[in-house]
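Copied over from Swiss-Prot, here are the features:
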{"type": "BINDING", "residues": "R91, R101, R129, D223", "note": "substrate binding site"}
{"type": "SITE", "residues": "Y136", "note": "site 'Important for catalysis'"}
{"type": "SITE", "residues": "K191", "note": "site 'Important for catalysis'"}
{"type": "BINDING", "residues": "D223, D247, D251", "note": "Mg(2+) binding site"}
{"type": "BINDING", "residues": "G281, S282, A283, P284, D285, I286, A287, G288, K289, G290, I291, A292, N293", "note": "NAD(+) binding site"}
Amino acid sequence: MTKIAVLPGDGIGTEIVAEAVKVLKTLGETFEMETAPVGGAGYEAKGHPLPEDTLKLAKEADAILFGAVGDWKYDTLPRELRPEQAILGLRKHLQLFANFRPAICYPELAGASSMKPEIVAGLDILIVRELTGDIYFGQPRGVRAAPDGLFAGAREGFDTMRYSEPEIRRIAHVAFQAAAKRGKKLCSVDKANVLETFQFWKDIVTDVHKEYPEVELSHMYVDNAAMQLVKAPKNFDVVVTGNMFGDILSDEAAMLTGSIGMLPSASLDANNKGLYEPSHGSAPDIAGKGIANPLATILSAAMMLRYTLGKAEQADRIENAVKKVLAQGYRTGDILTPGCKQVGTVEMGDAVVAAL
């Protein structure tokens, strides 16, 4: 039986994950779903954001459905005990190196975007972000007395940006394969003009391209990519980039769509086992109010069905149900436009179930 680890986390995580679970149960499939604490909830229950039992469950499961972690009240904890360390730990222990962040603007929601509707209506970008390398994980790092330079002897913070050839090759293959199934256009985003790491990145991606002649490859500096995402976002199909640039660009692309509350994400290992979560955070300011948008989490469950569980038809059912609900005019507050019906978290989940 397919086993899904359900990790709601903190803030609105419990509310939105409950709606995704409700939708999954409506499909008529037989899933074994087991829930465990993570993030701040893990710290409260077991003294660590990623308790051993939770990690064991995640390793045993076929897929992980994740909510969100984080709360201001944990900001004073040592870094290793903060809720955000849970997601970093899961990525590391499960070797989740490929992050898929779709940025889709449904025609019904074009008016909710801060951009002109004609710029974003019909937008469909997939950002493929490398998750386990780059400056976020490079060693050495820390705080020390500066060994040289104008301020030698002064305290300085330092990090190390690095990528190995195997890391670049495997994410490039994932991105080219994704592009081959879509519009056959891949844009590799780097900063090769000033960073040795990303000149190396560019060289390796160019070499991998030889295996995918049907895909059109372009290269773009990250500063220009940030501008072009605002100026002409529909020129992009699939974007591949490193950990830090992907972190920033995927959030920028998300806001083109009108609400980050609509956007799912997937983090995959080499065998397509994945962790699926909404692109947004735990939003502690609205937790418990029943107003959070559950659609990103519901669509994350659809991605789980498609990429890990091999049930593309069921994924299509969920995605089509979401489109139907939007066409019917149901909106949570974050995507509300004049003339639509405002609903809460549970009501939106119920509407998707009804559409199914």
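Every residue gets a Cβ built from N, Cα and C, even glycine.
Predicted, not measured: the structure shown is a model, and the values here were computed from it.
Structure with Swiss-Prot features highlighted.
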residue : record                         : Cβ contacts under 8 Å, 6 or more apart
R101    : substrate binding site         : L126, I127, V128, R129, G246, S250, A253, A254, L263, S265, S279
Y136    : site 'Important for catalysis' : N243, M244, D247
K191    : site 'Important for catalysis' : F198, Y221, V222, D223, F245
A283    : NAD(+) binding site            : G11, I12, A68, A292
A287    : NAD(+) binding site            : D10, G11, I12, E15
K289    : NAD(+) binding site            : none
N293    : NAD(+) binding site            : I16, S259, G261, M262, T332, G333, D334, I335, T345, M348
Excluding its own, the Cβ atoms lying within 10 Å of the Cβ of I291 (NAD(+) binding site) add up to 18
Between the Cα atoms of D285 (NAD(+) binding site) and R91 (substrate binding site), what distance do you get, rounded to the nearest Å?
27
Counting other C-beta atoms within 10 angstroms, the emptiest spot among the binding-site residues R91, R129 is R91
For R91 (substrate binding site), which of the listed binding-site residues (D251, G281, I291) have their CA atom within 10 A of its CA?
none
Among all the protein chains here, how many other CB atoms are within 10 A of the CB of D223 (substrate binding site)?
12
Rounding to whole Å, the Cα atoms of I291 (NAD(+) binding site) and D251 (Mg(2+) binding site) are apart by 22
Coarse DSSP state, helix versus strand versus coil, of Y136 (site 'Important for catalysis')
helix
Give the sequence-ordered list of residues that share a chain with D251 (Mg(2+) binding site), lie 6 or more positions from it, and have CB atoms under 8 Å from its CB.
I260, S279
Neighbour count, 10 Å Cβ-Cβ cut-off, for D247 (Mg(2+) binding site): what number do you get?
16
Pick from G281, D285: which of these binding-site residues has the biggest number of other Cβ atoms within 10 Å of its Cβ?
G281
Sorted by sequence, non-D223, D247, D251 residues with Cβ within 8 Å of centre, Mg(2+)
V222, A226, M244, F245, G246, I248, L249, S250, E252
Pairwise CA distances across G281, S282, A283, P284, D285, I286, A287, G288, K289, G290, I291, A292, N293 (listed as binding NAD(+)) top out, in Å, at 16
Three-class DSSP assignment, R129 (substrate binding site), comes back as strand
